[in-house]
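As given in TrEMBL:
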REGION    38-103  region 'VHIID'
REGION    117-149  region 'Leucine repeat II (LRII)'
REGION    159-250  region 'PFYRE'
REGION    253-297  region 'SAW'
MOTIF     69-73  motif 'VHIID'
MOTIF     167-171  motif 'LXXLL motif'
Amino acid sequence: PAGAMRKVATYFAEGLARRIYRLYPDKPLDTSFSDILQMHFYETCPYLKFAHFTANQAILEAFEGKKRVHVIDFSMKQGMQWPALMQALALRPEGAPSFRLTGIGPPSTDNTDHLHEVGWKLAQLAETIHVEFEYRGFVANSLADLDASMLELREAESVAVNSVFELHGLLARPGGIERVLSAVKDMKPEIVTIVEQEANHNGPVFLDRFTESLHYYSTLFDSLEGCGASPVNSQDKLMSEVYLGQQICNVVACEGAERLERHETLAQWRARLGSAGFDPVNLGSNAFKQASMLLAL
């Protein structure tokens with residue numbers, strides 16, 4: 001649609017202007033504002049909902065028959081992923097397990113204990129649906145600073161590690177991703193679920209990166225326009241455009257440690273995880289069928 005292309009062109013033009021005149025943002029976007037933008041994107045498009053659903057299905061299958069389970073979430077934000085998993089655990093035929101959640105997030109910029117607030121809301125839900133629940137909010141400046149010993153792992157519990165749109169940012173920091181994957185390995189998880197953008201925005205040649213990102217974000221903006229047919233709040237849509245526009249600006253304008261939106265392809269992530277000692281697992285047939293049904297809606 002013409003409207004979508006015009007918006008994409010505007011964001012790319014801004015990114016190029018910032019690159020040429022070196023007008024980089026003074027500091028990264030306030031994390032609480034970033035989280036709000038992502039929430040609007042979650043409400044507008046099905047992508048994040050689908051990603052959460054599929055990751056939760058994989059975690060459910062890995063936890064089948066387990067009595068004590070522990071999810072370590074690298075991307076806690078508003079905790080939007082976990083009510084659905086908790087409800088699914090509550091409905092298990094063998095009864096709900098004891099559920100422990102460690103939510104990791106950056107330090108608050110406005111002196112509020114955001115991680116605690118999210119945990120409190122989830123604890124209220126757990127009480128309502130009769131799931132034994134334990135929560136810990138863990139503040140970390142960077143995932144690369146994490147160590148398995150910090151997370152109070154227990155012998156009798158089965159662990160799942162979950163990361164949504166977090167790992168690509170570590171590629172800007174030398175050795176960062178290797179340190180994180182090594183720490184995850186030390187956690188001895190039953191499963192690791194990772195959601196990342198399927199794109200090629202981390203090549204060394206700027207022109208290639210620009211072309212790849214132009215195609216990628218044009219498609220996303222087209223789909224945002226397509227969401228306009230559904231009863232989407234206009235503010236949700238506008239904030240979703242800002243959310244994607246911030247990414248465009250980072251991909252196009254920034255270099256070095258400032259360029260955090262380093263999206264890579266599935267093949268690259270598969271190779272990296274394989275080198276770190278992780279094996280791929282297939283989705284169970286039930287989860288695959290449900291995911292396929294969601295895509296068909």
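A Cβ is built for glycine as well, from the same backbone N, Cα and C atoms used for every other residue.
Per-residue confidence over the region 'SAW' (253-297) averages out at a pLDDT of 87.
In the motif 'LXXLL motif' (167-171), the DSSP tally of helix, strand and coil residues is 5 helix, 0 strand, 0 coil. Summarised by DSSP class, the composition of the region 'PFYRE' (159-250) is 58 helix, 11 strand, 23 coil. Note: the region 'Leucine repeat II (LRII)' (117-149) comprises 18 helix, 7 strand, 8 coil (DSSP; helix = H, G, I, strand = E, B).
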